[in-house]
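Annotated features in Swiss-Prot:
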- 52, 79, 83: Fe cation 1 binding site (BINDING)
- 83: Fe cation 2 binding site (BINDING)
- 53: site 'Involved in iron translocation' (SITE)
- 56: site 'Involved in iron translocation' (SITE)
- 75: site 'Involved in iron nucleation' (SITE)
- 85: site 'Involved in iron translocation' (SITE)
- 86: site 'Involved in iron translocation' (SITE)
- 154: site 'Involved in iron nucleation' (SITE)
- 164: site 'Involved in iron translocation' (SITE)
- 168: site 'Involved in iron translocation' (SITE)
- 171: site 'Involved in iron translocation' (SITE)
């Protein structure tokens with residue numbers, strides 16, 4: 001536990017940024033949106049890691065690798081979100097408790113499910129995050145924060161790409177023969 005008595009920045013407070021010419025009111029709106037995205041992406045990250053660790057079956061290797069890479073992508077997106085929150089004069093959500101409490105996406109429980117169910121759950125979270133990111137991109141643009149909007153668009157491209165891959169994995173076409181399924 002930290003022995004520091006005086007916090008340099010208080011969670012929930014937004015100063016804005018003179019360097020970025022972003023006043024506290026506009027910055028606070030962006031920070032709130034970015035912190036919500038940060039919480040959601042970290043939930044996604046942990047769920048992807050869970051599925052990466054527990055995947056089994058005929059497509060194990062491909063799915064194991066994909067889920068690991070998708071988790072890395074989610075972590076990179078989360079890092080960009082947190083860095084931008086800080087640049088705008090806010091404090092990024094960091095504790096597991098805060099991240100889970102602030103997430104608007106449903107967290108999968110601790111049980112292990114078949115990979116089709118797991119991927120469907122992942123795709124649902126991706127969909128929720130994609131919708132929120134689009135809304136927050138528009139918010140940032142409307143507030144004149146074009147850099148945040150650009151950063152969100154870049155993350156959105158990565159997240160949409162992984163969601164699209166999951167959609168392909170969930171298709172009915174397979175190389176596994178019917179006999180192997182029985």
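Cβ coordinates are placed from backbone N, Cα and C, and glycine is handled just like the others.
Taking the features listed in Swiss-Prot, we show where each one sits on the structure.
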| residue | record | Cβ within 10 Å |
| --- | --- | --- |
| 52 | Fe cation 1 binding site | 19 |
| 53 | site 'Involved in iron translocation' | 12 |
| 56 | site 'Involved in iron translocation' | 11 |
| 79 | Fe cation 1 binding site | 13 |
| 83 | Fe cation 1 binding site | 13 |
| 86 | site 'Involved in iron translocation' | 15 |
| 154 | site 'Involved in iron nucleation' | 12 |
| 164 | site 'Involved in iron translocation' | 11 |
| 168 | site 'Involved in iron translocation' | 9 |
| 171 | site 'Involved in iron translocation' | 7 |
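Each of the recorded sites 75, 85 was scored by the other Cβ atoms within 10 Å of its Cβ; the lowest score goes to 75. A straight line from the CA of residue 154 (site 'Involved in iron nucleation') to the CA of residue 79 (Fe cation 1 binding site) spans 13 Å.
It is 38 Å from the Cα atom of residue 171 (site 'Involved in iron translocation') to that of residue 85 (site 'Involved in iron translocation'). You'll find the Cα of residue 85 (site 'Involved in iron translocation') roughly 10 Å from the Cα of residue 79 (Fe cation 1 binding site). Separation of the C-alpha atoms of residue 52 (Fe cation 1 binding site) and residue 75 (site 'Involved in iron nucleation'): 14 Å, rounded to the nearest whole number. Here residue 75 (site 'Involved in iron nucleation') is positioned 23 angstrom away from residue 56 (site 'Involved in iron translocation'), judged by their C-alpha atoms. Of the candidate recorded sites, 75, 164, 168, the one lying closest to residue 83 (Fe cation 1 binding site) when CA atoms are compared is 75.
The CA atom of residue 79 (Fe cation 1 binding site) is located 22 Å away from the CA atom of residue 164 (site 'Involved in iron translocation'). Here the CA atom of residue 86 (site 'Involved in iron translocation') lies 32 Å from the CA atom of residue 53 (site 'Involved in iron translocation'). According to DSSP, residue 168 (site 'Involved in iron translocation') is assigned to a helical segment.
A straight line from the CA of residue 75 (site 'Involved in iron nucleation') to the CA of residue 86 (site 'Involved in iron translocation') spans 17 Å.
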